[in-house]
Amino acid sequence: MERSLSMELVRVTEAAALASARWMGRGKKDEADEAATSAMRDVFDTVPMKGTVVIGEGEMDEAPMLYIGEKLGNGYGPRVDVAVDPLEGTNILASGGWNALTVIAVADHGTLLNAPDMYMQKIAVGPEAVGCIDIEAPVIDNLKAVAKAKNKDVEDVVATILNRERHAKIISELREAGARIKLINDGDVAGAINTAFDHTGVDILFGSGGAPEGVLSAVALKALGGEIIGKLLPQSEEEITRCHKMGLDLSKVLRMEDLVKGDDAIFAATGVTDGELLKGVQFKGSVGTTESLVIRAKSGTVRFVDGRHSLKKKPNLVIRP
């Protein structure tokens, strides 16, 4: 893929962030998601690529746009798989919380796992602890391994996990081990990425969340030199049947190369609300400001991009709830 595609994808996540940010704290997650999705779809039409959505807003009969199988781009350029989450953390934005993002991952055609929309058990770490974690090992063993890799005591390790009833046992084990815990209400893509940046204070991600988000996280962590390991967790016979039809082995531990093959991949995200990693959208008069992250796996280059947007010249993004 052309390296210039990186900045084209930032334009897409910026548009989705600007369009949805007006809904912050207004309690209307569906409207916010619709705004992000529509803006993202519009800008995709200008991107020089021949893209196919492999992870999106649902099947063709479930979503009006950015559905699985939809063609994206202007029809020129590389043939790529596209994974999108137009608004990672709809509940976060609706309540005015932290870490809402707009997210895209693009990779060579046929290299992204077409993850079904179901739960995935996950464990993720940054570069210092790659090769140390085991998704089937006890919590305490993983904590000790990460502590050793990062030259810390277990009591100094910070684990992040979605604050869900299904995670009560893991949270109890983390507390019993003496680790520090950062509970997150939504948005485990941000939680996974945070493990790769020292200033976020996060060392390891535990727990289950969406499988599509696991693939998005894998692209980011591959580019950052980190690691995520997953295992599909179907919750019904229907989901089990769907996995079998897709040829997915439910007993298989999914490692980085299973989630995203090779290193010709790009990850882009823009903050919608403030978070540990990215500042959220700010508005002042006719100007909107954004902070984005774009990472290219092939080169390992990480860029933080500050954007200042004249909303007078982007009337389609001026949304008044």
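Each residue, glycine too, has its Cβ placed from N, Cα and C.
Computed from a predicted structure; not experimentally measured.
Within the same chain, residues at least six positions away from Asp33 (Mn(2+) 1 binding site) with a Cβ under 8 Å of its Cβ are Ser20, Pro86, Leu87, Thr90. As annotated by Swiss-Prot, Mn(2+) 1 binding site applies to Asp33, Glu57, with the evidence given as similarity to another entry.
Within 10 Å of the C-beta of Glu213 (Mn(2+) 2 binding site) we count 24 further C-beta atoms, all protein chains included. Per Swiss-Prot, the feature Mn(2+) 2 binding site maps to Asp85, Glu88, Glu213.
The substrate binding site annotation in Swiss-Prot covers Glu88, Gly89, Thr90, Tyr119, Arg164, Glu165, Arg166, Asp186, Gly187, Asp188, Gly210 and rests on similarity to another entry. Here Gly210 (substrate binding site) comes close to Asp117, Met118, Tyr119, Met120, Asp188: these same-chain residues lie at least six apart in sequence, with C-beta atoms under 8 angstroms from its C-beta. DSSP classifies Gly210 (substrate binding site) as strand under the three-state reduction.
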Ask   = Which residue, out of the binding-site residues Arg164, Arg166, shows the minimum number of other Cβ atoms inside 10 Å of its Cβ in this structure?
value = Arg166
Task = May I ask for the distance between Asp85 (Mn(2+) 2 binding site) and Arg166 (substrate binding site), taken between their Cα atoms and rounded to an integer number of Å?
result = 23
Key: Distance check against Glu88 (Mn(2+) 2 binding site) for the binding-site residues Glu57, Arg164, Arg166, Gly187, keeping those with Cα within 10 Å   = Gly187
Query = Within 8 Å of the Cβ centre of Asp85, Glu88, Glu213, which other residues of the chain have their Cβ, at the recorded Mn(2+) 2 site?
reply = Gly89, Leu101, Val103, Gly187, Val189, Gly210, Pro212, Leu216
Task = Around the Cβ of Asp85 (Mn(2+) 2 binding site), how many other Cβ atoms lie within 10 Å? Please give the count over every shown protein chain.
result = 29
Query = On the Cα atoms of Glu88, Gly89, Thr90, Tyr119, Arg164, Glu165, Arg166, Asp186, Gly187, Asp188, Gly210, which are listed as binding substrate, what is the maximum pairwise distance in Å?
reply = 21
